[in-house]
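First up is the structure itself, then whatever we jot down about it.
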């Protein structure tokens, strides 16, 4: 192979990597834009310039605006990014481990277990209410939780979810080359000296912890762990150096935009965010089924 040929291959590879990083940064920008508009939207719309001033800590912002931004909407908006990122990464690595394009973090059965546990807690927590009101209140809370909701987000919950997600993603990032090799086949991974049993166990445990943490705070939000990895794979390929951050940011952007839509579809009403993600996820799921035949 001539020197010019090698140089051309290197140039093409660098060009491809720059293109992939540009895509990753594009979804980072979409996530940040979604964050701002998630704060702007709500039962009472806030002017965009006032929100930007509040976020930048300008002194001429009204106290009411600061309270709405920092005590109510900012925790919800940030929680959307964190949970979306966690579910996106979880779906990406579960699909990698199982070599199944229709796998998601909920394939582990966490959603069903969490649904049963939360429903039990909510139901038994309603004994203090009169029976006529308790049934309606309990049913509403259970239904809202099963469809996923960001309304219970607090700074404390956000801190826990953020720390767990950062730790788990950091540990997964140490095995990026191993996960990339696994996508080439088990035989290739074994030939490189990778302990597949340890890799699978570690990845499953980390994904389970991230998913369980997300579910415990926002309920069951479906299809993010299915859609985000597929979009990342189509745009970035299987190289985990780009696939993992891509799936993470696509999941964050997806849930952030869904949160905005849940507040603006019907003015004054708040839809469970899981319904919005389902509107995108269900057609996407059928598209996957049809294209894989």
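Backbone N, Cα and C define each Cβ position, glycine as well.
Database features (TrEMBL):
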TRANSMEM  21-40  transmembrane segment
TRANSMEM  74-94  transmembrane segment
TRANSMEM  106-133  transmembrane segment
TRANSMEM  153-173  transmembrane segment
TRANSMEM  204-230  transmembrane segment
TRANSMEM  242-262  transmembrane segment
TRANSMEM  269-290  transmembrane segment
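Taking Cβ pairs closer than 8 Å, the transmembrane segment (204-230) reaches residues 79, 82-84, 86-95, 97, 101-106, 108, 110-111, 114-115, 118, 144-150, 152-153, 157, 160-161, 164-165, 168-169, 171-172, 243, 247-248, 250-251, 254-255, 272-274, 277-278, 280-282, 284-285, 288 in its own chain, all 6 or more past its ends. Under 8 Å from some Cβ of the transmembrane segment (74-94) lie the Cβ atoms of residues 31, 34-35, 38-39, 55, 100, 103-105, 107-108, 150-151, 153-155, 157-158, 161-162, 164-165, 168-169, 172, 179, 203-204, 206-207, 210-211, 213-214, 217-218, 221, 224-226, 228-229, 232, 243-244, 247-256, 258-259, 273, all in the same chain and six or more residues away from its ends. For the transmembrane segment (242-262), the list of distant contacts is 17, 20-21, 23-24, 27-28, 30-31, 34-35, 37-38, 41, 76-77, 80-89, 91-93, 150, 169, 172-173, 176, 179, 221, 224-225, 227-229, 231-233, 235-236, 270-273, 275-277, 280: same-chain residues at least six beyond its ends, Cβ to Cβ under 8 Å.
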